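**Q** Under the heading signal peptide, Swiss-Prot lists 1-20. Taken from Swiss-Prot, the feature disulfide bond covers CYS74-CYS91, CYS100-CYS133, CYS109-CYS145, CYS214-CYS251, CYS231-CYS239. The compositional bias 'Basic and acidic residues' annotation in Swiss-Prot covers 170-182. Swiss-Prot lists 210-251 with the feature region 'Sufficient for interaction with FGF2 and FGF2-induced effects', giving similarity to another entry as the kind of evidence.
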Amino acid sequence: MRLHSLILLSFLLLATQAFSEKVRKRAKNAPHSTAEEGVEGSAPSLGKAQNKQRSRTSKSLTHGKFVTKDQATCRWAVTEEEQGISLKVQCTQADQEFSCVFAGDPTDCLKHDKDQIYWKQVARTLRKQKNICRNAKSVLKTRVCRKRFPESNLKLVNPNARGNTKPRKEKAEVSAREHNKVQEAVSTEPNRVKEDITLNPAATQTMAIRDPECLEDPDVLNQRKTALEFCGESWSSICTFFLNMLQATSC
(Lines of atoms letter the chains of each structure in order from A and count residues from 1; the text may use other names and numbers.)
(Lines give C-alpha, C1' and ligand atoms only; values in the text may rest on other atoms or scores of the structure.)
Protein backbone atom coordinates (compact mmCIF):
# COMPACT_ATOMS: atom_id res chain seq x y z
CA MET A 1 0.00 0.00 0.00
CA ARG A 2 2.82 2.34 0.88
CA LEU A 3 4.62 1.46 -2.37
CA HIS A 4 1.51 2.17 -4.39
CA SER A 5 1.22 5.64 -2.83
CA LEU A 6 4.86 6.45 -3.63
CA ILE A 7 4.43 5.48 -7.28
CA LEU A 8 1.27 7.62 -7.59
CA LEU A 9 3.03 10.58 -5.99
CA SER A 10 5.96 10.30 -8.38
CA PHE A 11 3.59 10.30 -11.36
CA LEU A 12 1.88 13.43 -10.05
CA LEU A 13 5.22 15.19 -9.64
CA LEU A 14 6.25 14.32 -13.19
CA ALA A 15 2.94 15.55 -14.59
CA THR A 16 3.20 18.80 -12.65
CA GLN A 17 6.74 19.37 -13.90
CA ALA A 18 5.74 18.71 -17.52
CA PHE A 19 2.77 21.09 -17.25
CA SER A 20 4.95 23.85 -15.78
CA GLU A 21 7.44 23.45 -18.66
CA LYS A 22 4.66 23.90 -21.21
CA VAL A 23 3.43 27.03 -19.44
CA ARG A 24 6.96 28.45 -19.38
CA LYS A 25 7.45 27.83 -23.12
CA ARG A 26 4.14 29.50 -23.98
CA ALA A 27 5.10 32.51 -21.91
CA LYS A 28 8.38 32.83 -23.82
CA ASN A 29 6.79 32.53 -27.26
CA ALA A 30 3.88 34.91 -26.58
CA PRO A 31 5.87 38.26 -26.87
CA HIS A 32 7.45 37.16 -30.15
CA SER A 33 4.12 36.34 -31.74
CA THR A 34 2.50 39.60 -30.63
CA ALA A 35 5.48 41.57 -31.87
CA GLU A 36 5.33 39.83 -35.24
CA GLU A 37 1.61 40.49 -35.49
CA GLY A 38 2.21 44.13 -34.64
CA VAL A 39 4.90 44.44 -37.33
CA GLU A 40 2.69 42.74 -39.91
CA GLY A 41 -0.22 45.01 -39.00
CA SER A 42 1.87 48.19 -39.13
CA ALA A 43 3.56 47.36 -42.44
CA PRO A 44 0.58 48.37 -44.62
CA SER A 45 0.09 51.60 -42.68
CA LEU A 46 3.77 52.47 -43.09
CA GLY A 47 3.51 51.79 -46.83
CA LYS A 48 0.47 54.06 -47.13
CA ALA A 49 2.23 56.84 -45.22
CA GLN A 50 5.28 56.59 -47.47
CA ASN A 51 3.10 56.70 -50.59
CA LYS A 52 1.26 59.79 -49.29
CA GLN A 53 4.54 61.51 -48.47
CA ARG A 54 5.91 60.67 -51.91
CA SER A 55 2.81 62.03 -53.68
CA ARG A 56 3.00 65.26 -51.68
CA THR A 57 6.68 65.65 -52.57
CA SER A 58 5.95 65.03 -56.26
CA LYS A 59 3.17 67.65 -56.33
CA SER A 60 5.36 70.26 -54.67
CA LEU A 61 8.11 69.65 -57.22
CA THR A 62 5.92 69.89 -60.35
CA HIS A 63 5.52 73.67 -60.41
CA GLY A 64 7.66 76.71 -59.67
CA LYS A 65 9.25 79.95 -60.83
CA PHE A 66 12.57 80.65 -62.54
CA VAL A 67 14.59 83.30 -64.41
CA THR A 68 16.37 82.32 -67.64
CA LYS A 69 19.88 83.35 -68.69
CA ASP A 70 18.46 86.12 -70.90
CA GLN A 71 16.40 87.52 -67.98
CA ALA A 72 12.95 86.15 -68.81
CA THR A 73 10.85 85.78 -65.66
CA CYS A 74 8.78 82.59 -65.92
CA ARG A 75 6.42 80.20 -64.16
CA TRP A 76 5.99 76.50 -64.93
CA ALA A 77 3.45 73.84 -64.00
CA VAL A 78 2.91 70.20 -64.94
CA THR A 79 -0.39 68.64 -66.02
CA GLU A 80 -0.95 64.89 -66.34
CA GLU A 81 -2.23 63.74 -69.74
CA GLU A 82 -3.59 60.40 -71.00
CA GLN A 83 -0.11 59.56 -72.23
CA GLY A 84 2.64 61.32 -70.32
CA ILE A 85 2.61 64.90 -69.12
CA SER A 86 2.58 68.48 -70.42
CA LEU A 87 4.69 71.22 -68.88
CA LYS A 88 3.38 74.75 -69.51
CA VAL A 89 5.73 77.73 -69.30
CA GLN A 90 4.49 81.35 -68.99
CA CYS A 91 7.07 84.14 -69.23
CA THR A 92 7.44 87.92 -69.22
CA GLN A 93 10.38 89.66 -70.91
CA ALA A 94 10.88 93.22 -72.19
CA ASP A 95 7.21 94.19 -71.72
CA GLN A 96 6.07 91.07 -73.60
CA GLU A 97 4.14 88.06 -72.27
CA PHE A 98 4.46 84.67 -73.97
CA SER A 99 3.92 80.98 -73.24
CA CYS A 100 4.64 77.51 -74.61
CA VAL A 101 4.22 73.82 -73.77
CA PHE A 102 6.73 70.97 -73.43
CA ALA A 103 5.55 67.34 -73.52
CA GLY A 104 7.00 63.90 -72.73
CA ASP A 105 6.38 60.68 -70.81
CA PRO A 106 8.59 60.16 -67.72
CA THR A 107 6.21 57.59 -66.19
CA ASP A 108 8.57 54.61 -66.42
CA CYS A 109 11.46 56.60 -65.02
CA LEU A 110 9.43 57.90 -62.08
CA LYS A 111 8.42 54.34 -61.13
CA HIS A 112 11.98 53.80 -59.88
CA ASP A 113 11.63 56.37 -57.06
CA LYS A 114 13.53 59.02 -59.03
CA ASP A 115 10.80 61.66 -59.09
CA GLN A 116 12.54 64.14 -56.76
CA ILE A 117 15.80 64.03 -58.74
CA TYR A 118 13.95 64.18 -62.07
CA TRP A 119 11.92 67.32 -61.29
CA LYS A 120 14.89 69.12 -59.74
CA GLN A 121 16.90 68.49 -62.91
CA VAL A 122 13.98 69.70 -65.05
CA ALA A 123 13.86 72.96 -63.06
CA ARG A 124 17.63 73.38 -63.46
CA THR A 125 17.36 72.83 -67.22
CA LEU A 126 14.63 75.47 -67.48
CA ARG A 127 16.84 78.05 -65.75
CA LYS A 128 19.61 77.40 -68.27
CA GLN A 129 17.37 78.13 -71.28
CA LYS A 130 17.98 81.00 -73.71
CA ASN A 131 15.28 82.23 -76.10
CA ILE A 132 12.80 80.01 -74.32
CA CYS A 133 9.67 79.11 -76.37
CA ARG A 134 11.33 80.31 -79.58
CA ASN A 135 13.65 77.45 -80.55
CA ALA A 136 11.72 74.58 -82.14
CA LYS A 137 14.52 72.15 -81.24
CA SER A 138 14.37 72.88 -77.50
CA VAL A 139 14.38 69.72 -75.35
CA LEU A 140 14.39 69.51 -71.55
CA LYS A 141 16.72 66.62 -70.71
CA THR A 142 17.64 65.08 -67.36
CA ARG A 143 20.67 62.99 -66.48
CA VAL A 144 18.72 60.58 -64.32
CA CYS A 145 16.36 59.40 -67.10
CA ARG A 146 17.61 60.36 -70.55
CA LYS A 147 19.72 57.24 -71.27
CA ARG A 148 17.39 54.45 -70.13
CA PHE A 149 14.15 56.37 -70.71
CA PRO A 150 14.55 58.75 -73.71
CA GLU A 151 10.78 59.28 -73.80
CA SER A 152 11.15 61.21 -70.53
CA ASN A 153 12.81 64.10 -72.42
CA LEU A 154 10.31 66.98 -72.70
CA LYS A 155 10.10 68.47 -76.20
CA LEU A 156 8.67 71.83 -77.25
CA VAL A 157 5.34 71.16 -78.98
CA ASN A 158 4.11 74.66 -79.96
CA PRO A 159 7.11 76.76 -81.05
CA ASN A 160 6.49 80.23 -82.52
CA ALA A 161 8.62 83.18 -83.52
CA ARG A 162 8.04 84.51 -80.03
CA GLY A 163 5.72 81.98 -78.48
CA ASN A 164 2.19 83.20 -77.84
CA THR A 165 3.26 86.83 -77.51
CA LYS A 166 1.05 89.56 -76.06
CA PRO A 167 2.11 93.15 -75.27
CA ARG A 168 1.38 94.42 -71.82
CA LYS A 169 -1.96 96.24 -72.00
CA GLU A 170 -1.19 99.23 -69.77
CA LYS A 171 2.05 100.24 -71.46
CA ALA A 172 0.63 99.64 -74.93
CA GLU A 173 -2.31 101.96 -74.23
CA VAL A 174 -0.07 104.68 -72.78
CA SER A 175 2.34 104.57 -75.72
CA ALA A 176 -0.54 104.74 -78.24
CA ARG A 177 -1.99 107.73 -76.40
CA GLU A 178 1.35 109.54 -76.41
CA HIS A 179 1.84 108.77 -80.11
CA ASN A 180 -1.56 110.28 -80.97
CA LYS A 181 -0.79 113.43 -78.97
CA VAL A 182 2.52 113.91 -80.78
CA GLN A 183 0.88 113.39 -84.17
CA GLU A 184 -1.83 115.94 -83.36
CA ALA A 185 0.72 118.50 -82.22
CA VAL A 186 2.87 118.03 -85.34
CA SER A 187 -0.12 118.23 -87.69
CA THR A 188 -1.69 121.32 -86.07
CA GLU A 189 1.41 123.52 -85.67
CA PRO A 190 1.98 124.23 -89.42
CA ASN A 191 -1.75 124.98 -89.83
CA ARG A 192 -1.60 127.51 -87.01
CA VAL A 193 1.31 129.31 -88.67
CA LYS A 194 -0.52 129.36 -92.00
CA GLU A 195 -3.68 130.70 -90.37
CA ASP A 196 -1.76 133.48 -88.63
CA ILE A 197 -0.16 134.53 -91.89
CA THR A 198 -3.36 134.35 -93.97
CA LEU A 199 -5.51 136.12 -91.37
CA ASN A 200 -2.95 138.91 -91.02
CA PRO A 201 -1.79 139.94 -94.51
CA ALA A 202 -0.17 142.98 -92.95
CA ALA A 203 2.37 140.63 -91.41
CA THR A 204 3.88 139.74 -94.75
CA GLN A 205 4.06 143.37 -95.67
CA THR A 206 5.72 144.26 -92.40
CA MET A 207 8.16 141.33 -92.48
CA ALA A 208 9.25 142.27 -95.98
CA ILE A 209 10.99 145.53 -95.27
CA ARG A 210 10.32 147.73 -98.26
CA ASP A 211 12.47 150.71 -97.47
CA PRO A 212 16.25 150.09 -97.36
CA GLU A 213 16.53 152.86 -94.77
CA CYS A 214 14.51 150.73 -92.33
CA LEU A 215 17.37 148.25 -92.24
CA GLU A 216 19.39 150.77 -90.30
CA ASP A 217 16.51 151.88 -88.07
CA PRO A 218 17.47 151.27 -84.39
CA ASP A 219 13.91 150.24 -83.46
CA VAL A 220 13.79 147.66 -86.24
CA LEU A 221 17.21 146.31 -85.32
CA ASN A 222 16.17 146.07 -81.66
CA GLN A 223 12.96 144.26 -82.59
CA ARG A 224 14.81 141.75 -84.77
CA LYS A 225 17.39 141.12 -82.06
CA THR A 226 14.69 140.58 -79.41
CA ALA A 227 12.77 138.24 -81.72
CA LEU A 228 15.87 136.15 -82.40
CA GLU A 229 16.71 135.87 -78.70
CA PHE A 230 13.26 134.86 -77.49
CA CYS A 231 11.73 133.12 -80.52
CA GLY A 232 14.61 131.62 -82.49
CA GLU A 233 15.24 131.81 -86.22
CA SER A 234 12.17 129.79 -87.26
CA TRP A 235 9.70 132.03 -85.38
CA SER A 236 11.61 135.34 -85.45
CA SER A 237 9.61 136.82 -88.35
CA ILE A 238 6.28 136.25 -86.58
CA CYS A 239 7.65 137.64 -83.30
CA THR A 240 8.97 140.68 -85.18
CA PHE A 241 5.51 141.24 -86.60
CA PHE A 242 3.89 141.23 -83.13
CA LEU A 243 6.58 143.51 -81.73
CA ASN A 244 6.02 145.88 -84.64
CA MET A 245 2.30 145.95 -83.82
CA LEU A 246 2.95 146.67 -80.14
CA GLN A 247 5.74 149.16 -80.74
CA ALA A 248 4.78 151.62 -83.47
CA THR A 249 7.84 152.44 -85.61
CA SER A 250 8.34 154.66 -88.60
CA CYS A 251 8.93 151.58 -90.75
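Each Cβ is built from the backbone N, Cα and C atoms, and glycine gets one as well.
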**Q** Of CYS91, CYS100, CYS109, CYS231, the disulfide-bonded residues given in the record, which has the fewest other CB atoms within 10 A of its CB?
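**A** Result for the disulfide-bonded residues CYS91, CYS100, CYS109, CYS231: minimum number of other Cβ atoms within 10 Å at CYS231.
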**Q** When DSSP is mapped onto helix/strand/coil, what comes out for CYS133 (disulfide bond)?
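**A** The residue in question, CYS133 (disulfide bond), is coil (DSSP, three-state).
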**Q** May I ask which of the disulfide-bonded residues CYS74, CYS91, CYS109, CYS133 is closest to CYS231 (disulfide bond) if we compare their C-alpha atoms?
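**A** It is CYS91, whose Cα lies nearest.
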**Q** Round to the nearest Å and give the CA-to-CA distance linking CYS145 (disulfide bond) with CYS74 (disulfide bond).
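**A** Answer for this pair: 24 Å between alpha carbons.
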**Q** Need the DSSP three-state call for CYS109 (disulfide bond) to compare against my parser.
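**A** In three-state terms, CYS109 (disulfide bond) counts as helix.
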**Q** For a quick check of packing: other C-beta atoms within 10 Å of the C-beta of CYS145 (disulfide bond), how many?
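**A** If we count other Cβ atoms within 10 Å of CYS145 (disulfide bond), we arrive at 23.
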**Q** Going by DSSP, is CYS91 (disulfide bond) part of a helix, a strand, or coil?
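**A** SS state of CYS91 (disulfide bond) = strand.
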